[in-house]
Amino acid sequence: MASAITRIRASQLSRQIRHFSSSSARYAAEVKSLGVLGAGQMGLGIALVAAQKAGVPVTLVDSSQASLDKGIGFAEKLLSKDVSKQRITQEQADQARSRLSPTTSIEELSKVDFVIEAVPEIPQLKFDIFAKLAEICPKHAILATNTSSISITKIAAATTKDPNDTSASSRVVSTHFMNPVPVQKGVEIISGLQTSAETLETAVAFCKAMGKIPSVSADSPGFLANRILMPYINEAVICLETGVGDRDSIDAIMKNGTNVPMGPLQLADFIGLDTCLAIMKVLHQETGDSKYRPSVLLAKMVDAGWLGKKSGKGFYDY
Ligand SMILES: NC(=O)c1ccc[n+]([C@@H]2O[C@H](COP(=O)([O-])OP(=O)(O)OC[C@H]3O[C@@H](n4cnc5c(N)ncnc54)[C@H](O)[C@@H]3O)[C@@H](O)[C@H]2O)c1
């Protein structure tokens, strides 16, 4: 039953996205300012691309001043690199930098038209933040999340104590950007049960204004990208653990046989083995389908603290 509803909803969404092209310029034009919450790996990239490509002022909020300083320093470095490679002029870099306003005060989001939340993947943290955003943001503002795996319907429900009052929950949507944001063109736009058609259209239009190529999907565990990618990575780890092939053979056949820039084990190291395991657990628990059982070796590597590139050791040494 649940999967039938998901299928109907996905086909409705794909019909909607075809209709969007005519109205997307109108909806994008309605977003005159952006707020980004969380200046980490993803939030910083989203803020910088919005300032550069969509040309809107961006209020960048983080609870940590150190994260803001690090993020802004990194943005300046990326802009200088673009100037030195003659991808943009110094004037364009200065304009983009001047559109970024870092702050530790979430109240600064009281005037923005569109917010994208990119704080850590902790459900209660996101629920609390969306309750707060519903309170402080303008009543027309779109409230978007960059979550990798948390249900959009649950995040939207956190904006109100009365489920029948959808004045805030209908403005909640997911804009799931891919890492690294300045490089990857794809973005998944996911509607919760409460999300209105207008919210979805505005999110699609704004992501296009950022130079991205949106794909629309239903609120289902893993959405589209991770529903497809994570079982692929997990299967590669199972092939290693059961001796079907060694590390180099597994990565080489996928890299050289399917024209991807890196094999699944190397990609898992780049994503983070803890992140891969967490997403597999969500797929497994929320669907109850044994085909999503996380590999034993993947769980053991996380137990050992071998998380991939970020910890210095994963399937490869860094
Ligand atoms: N890293 C990826 O490859 C990737 C890809 C797609 C989606 N995501 C999702 O994007 C989100 C952010 O991931 P990330 O990798 O950028 O995390 P990160 O740890 O790099 O950054 C999170 C930032 O949020 C800040 N923060 C924490 N609590 C806060 C609060 N209460 N208010 C304001 N700021 C707060 C932290 O100081 C930090 O700077 C997560 O939901 C993640 O699942 C990550």
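Placed from the backbone N, Cα and C atoms, the Cβ positions cover glycine too.
Those TrEMBL annotations? Automatic predictions, nothing curated.
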Practice task
Pick the one from Asn164, Asn179 that TrEMBL also lists for the NAD(+) site with Gly38, Ala39, Gly40, Gln41, Met42, Gly43, Asp62, Glu121, Lys126, Ser148, Lys310.
Solution key: Asn179
Exercise for the section: Mind giving me a neighbour count for His176 (site 'Important for catalytic activity')? Other Cβ atoms within 10 Å of its Cβ, every protein chain shown. Expected result: 24
Exercise for the section: Fill in the CA-CA distance, Lys126 (NAD(+) binding site) to His176 (site 'Important for catalytic activity'), as an integer in Å. Expected result: 14
Problem - Lowest local Cβ density (other Cβ within 10 Å) among binding-site residues: Gly38, Gly40 - result: Gly40
Exercise for the section: Find the one among the binding-site residues Gly38, Gly40, Met42, Asp62 whose C-alpha lies closest to that of His176 (site 'Important for catalytic activity'). Expected result: Met42
Problem - Tertiary neighbours of Asp62 (NAD(+) binding site) (same chain, Cβ under 8 Å, six or more apart) - result: Leu37, Gly38, Ala39, Gly40, Gly43, Leu68, Gly71, Pro102, Thr104
